[in-house]
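Going by Swiss-Prot, these are the annotated features:
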BINDING   Gly9, Thr10, Ser11, Ala12, Asp13, Gly14, Val15, Asp16  ATP binding site
Amino acid sequence: MRVLGLMSGTSADGVDAVLAEFSGSPSEPKWSLLNLVCTPYPEDLRQTVINAGQGITLNSREWLELSESITEVHAQAALACDPSAQAELVGSHGQTVWHRPPQKNHRGASWQILQAPLLAELLKRPVVHDFRAADLALGGQGAPLVPMADAALLGRVGGWRGVLNLGGIANLTLIPPRSGPDRRASVMGWDCGPANSLIDLAVEQISKGKLAFDHDGSIAASGHPHTTTIERWLKEAFFQLPPPKSTGREQFGLADLEQRLKELPKLSTANRVATLTAFSAAVVAQDLNNLRIRNLVRPLELIVAGGGSRNPVLMNELRQRCRGMRVLNSDELGLSAEAREGLAFALLAWWHCLQHPGNAPAITGAKRAAVLGVRADPA
């Protein structure tokens, strides 16, 4: 089956559309990536999405128009990726505007904004959406949902394999080896903390809105990270939590950035960006090191995808902090760094049609595995 996968992450830079074909066993599918198109959000829409994700109040009309605009850009991305309508099905994550993990006093909740019936009608094809709801209803975090797809798409090697997505948030998948005593272990996955979210916000502030991100890590490359501050930040409560855990821009957004910058008052602009960049690598390295210390997992390699994989300073920080582990870009395995999440949600939509579970209780904390997503058909 040919499926379109649509993904817009916490960086809110636009929609990644992937056209893929799947066949064979759901858990070990044969797949091919047929096309990838990245459609940016208009700047005013991007800013509204970021503001909404940081708790800035919108009125009812603004929420309505935001959901409509997001849906229209998703449709544009889908049509650009699949102009001849080869796909029989669309899997769309929607745009996360708020994510609340389960806490002692209330269940978890997550809101991905999208008008799925409108998207189905615009594309004249069924759309599977709202992928997180079933896991949340079962007491799970609702995130991350990509690890089971990672395991199915990338397969196993002779040792533990890590897959790291550096979007707005850094999320990690660990895939068990194909042989040896750990071969029957469960896939693991969780959110480590901020990846690009704080860096992007800082660069936007510094440039007075002229830059949306640190292109090629050029600002960070001209500075030096403040190691003592990073070590102090790593002791914060979230970074001490064991998996399962999930997070988003509501935790690592503008308010968090401003607090961190107050702790760096005497540093130059370049040193501040370098510190935030090194911090993003450090939160991942600390989680991996904690697993190693507990003799749970020691990955042979770490495959990196997402926008942060294009930042050579961030990638170098990862290599420095994850010694003994091969750190490589997913491009080296034939999977474009920009395609990974769109491909994953295309697979989750295909699994929905096959009634194949898409979550993993060991990863999200849900009571049981469940088929993910809700289907909206054209009118």
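Using N, Cα and C of the backbone, Cβ positions are placed for all residues, glycine too.
Apart from Gly9, Thr10, Ser11, Ala12, Asp13, Gly14, Val15, Asp16, the ATP site neighbourhood in this chain, defined by C-beta within 8 angstroms of the site C-beta centre, holds Met7, Ser8, Tyr41, Gly167, Gly168. Here Ala12 (ATP binding site) comes close to Tyr41, Arg46, Val49, Ile50, Gly53, Gln95, Gly168: these same-chain residues lie at least six apart in sequence, with C-beta atoms under 8 angstroms from its C-beta.
Summarising the environment of Gly9 (ATP binding site), the number of other Cβ atoms within 10 Å of its Cβ, over all protein chains shown, is 26. A sphere of 10 angstroms centred on the C-beta of Val15 (ATP binding site) encloses 26 other C-beta atoms. Remark: Thr10 (ATP binding site) has Gly53, Thr96, Gly167, Gly168, Ile169, Ser197, Gly248, Arg249 as non-local neighbours, by Cβ distance under 8 Å and separation of at least 6 in sequence. Most Cβ neighbours within 10 Å, among the binding-site residues Asp13, Asp16: Asp16 holds that distinction in the structure as shown. Other Cβ atoms within 10 Å of the Cβ of Gly14 (ATP binding site), summed over all protein chains shown, number 21. In the shown protein chains, 23 other C-beta atoms lie within 10 A of the C-beta of Ser11 (ATP binding site).
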